[in-house]
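The next block holds one structure in the form of structure tokens; read it before the comments.
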Amino acid sequence: MIILKRLFSNMSILQPPEVVRGMTKLEKEAFRMPVDFPVIEIEARDAGIVGRRVRLEPYLIGHKLKPLKNLVDSEKDGKKYLVFHPDKVQEDETRFKILELLKRELGNEKLLDWTTLSKDLTFENWDAKSIFKAVLPVGIDYSSYTQTGHIIHCNFADEILPFRFIIAEVLLDKVNNCKTVVQKGNIITNVYRNLDLELLAGEDNYVTEVKETGLRFKMDFSKVYWNSRLSHEHERVSGMFNTQSLVYDACCGIGPFVLPATLKRKPKRVVANDLNPESVKWLKVNVGLNKIKEERIEIHNMDAKMFIKENVADDVVRLMLEESTAGEFENEVPKPMSEVHVVMNLPAYAVNFLPAFRGALSRFKDEIEKVPLDKRYKWNVYCYLFAKSHVDVPDSWYEDEARRMCDEKTKWERSLVVKCHNVRTVSSRKEMFCAQLELPYEFLLAEPFPDEPEAQCESEEAEEPSSKRIKVDT
């Protein structure tokens with residue numbers, strides 16, 4: 001009994017009625033609830049003075065009960081009500097203090113006093129977070145989702161699955177520009193990185209458009225991979241390029257790396273590839289949308305390993321030989337040497353592409369040996385991967401695991417990983433990293449690895465952190 005009293009004593013008056021608890025099908029009328037709001041009536045012409053000079057924000061209802069506001073019209077002409085939060089002005093001392101503050105600014109001759117404004121709060125007044133808290137079982141929360149254009153995509157823990165349809169209806173109603181809500185199933189469960197979607201509410205329309213760092217990206221969300229959480233990562237990596245960079249994106253998707261790189265960094269060469277024909281289709285659309293000349297990005301639709309072994313290797317050697325033999329004009333300012341940047345953003349599988357680099361240039365050994373060491377391009381590879389544990393481990397373990405995964409695939413005499421950037425936490429025991437490798441020519445010219453059976457593509461099942469990570473001492 002004591003525990004229940006404490007629980008309910010902490011509950012706010014301004015929350016949806018308890019009758020909606022456990023609701024799985026949206027019934028808006030059930031959210032209607034009469035509330036008596038404490039108010040003070042003031043002259044409408046005094047509203048500006050009160051807003052500027054009297055600090056009442058901690059006591060007013062705030063902005064969570066839209067369209068209800070802190071200041072509303074009174075029934076009397078020329079009058080306004082200051083609307084207070086019932087929980088915050090329960091004490092007589094607090095109410096007296098507020099009246100004194102108002103009289104000090106407006107004058108003691110003003111007849112100010114507390115009264116009550118009766119209002120029905122409805123579904124329209126409650127925000128999504130308050131509705132979810134009221135509907136879901138006590139102790140279970142849901143507040144995180146990702147929006148891509150007009151599409152909201154959700155992941156649900158098992159205990160929330162029975163409530164997915166009402167959550168979807170609420171999001172459809174409450175989130176600006178939302179027209180479609182889907183449940184996002186396993187990601188990257190096939191070679192095309194398609195999303196396994198369940199339509200929960202709204203239109204069955206997955207063609208949408210988003211803006212990222214000022215660029216337009218159009219896509220069929222059901223047929224390509226897009227993650228809005230990676231916008232800073234796209235900007236970080238593309239910001240490493242310059243006018244002498246040779247950029248090769250082995251898993252380009254619809255262009256989140258190559259488009260900003262091309263427009264903002266103006267690399268010497270940009271070549272994009274993706275195995276998914278839909279990604280290639282929408283990349284070409286986005287090249288046009290962003291007014292990029294077609295010849296600035298060479299686009300391929302092929303396996304990433306073959307792209308690395310054939311297209312990247314051929315292209316780099318050709319350009320390097322051209323640059324190393326080109327004569328310099330007198331008084332010409334020497335240009336910095338070009339660098340190779342290969343991006344592999346397929347975190348569930350990209351680490352399996354690393355063996356393709358060993359010996360990728362071996363068939364050009366004679367030509368490369370003629371290139372002076374100071375004319376040989378530096379090779380940088382950005383390999384995205386997941387480091388995950390099945391038990392609680394120290395935070396430092398995840399970076400060590402990411403490095404180990406790369407070393408296991410390169411099998412070189414030393415680690416080729418020069419930097420491991422933590423991109424984001426995927427779940428409580430799963431981290432996403434970008435491992436940056438620098439590949440020496442000894443590795444690129446070494447005997448290639450024998451072909452191995454294709455590794456199974458890991459599913460990227462949980463996008464939301466399911467719980468906070470337990471701190472483990474090292």
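Even glycines carry a Cβ here, placed using N, Cα and C.
As recorded in Swiss-Prot, the features of this protein are as follows:
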type	residues	note
BINDING	His234, Asp274, Leu275, Asp303, Ala304, Asn345	S-adenosyl-L-methionine binding site
COMPBIAS	452-464	compositional bias 'Acidic residues'
COMPBIAS	465-474	compositional bias 'Basic and acidic residues'
REGION	452-474	region 'Disordered'
Candidates Leu275, Ala304 (binding-site residues); min other-Cβ count within 10 Å returns Leu275
What is the total of other Cβ atoms whose distance to the Cβ of Asp274 (S-adenosyl-L-methionine binding site) is within 10 Å?
29
Just to confirm: which same-chain residues, 6+ apart in sequence, have a Cβ under 8 Å from the Cβ of His234 (S-adenosyl-L-methionine binding site)?
Glu212, Thr213, Pro256, Phe257, Pro260
Between the two most separated Cα atoms in His234, Asp274, Leu275, Asp303, Ala304, Asn345, the residues recorded as binding S-adenosyl-L-methionine, what distance in Å do you get?
22
Once the DSSP letters are reduced so that anything not helix or strand counts as coil, what is Asn345 (S-adenosyl-L-methionine binding site)?
coil
Counting across all protein chains shown, how many other Cβ atoms sit within 10 Å of the Cβ of Asp303 (S-adenosyl-L-methionine binding site)?
17
For Asn345 (S-adenosyl-L-methionine binding site), list the number of other Cβ atoms lying within 10 Å of its Cβ atom.
23
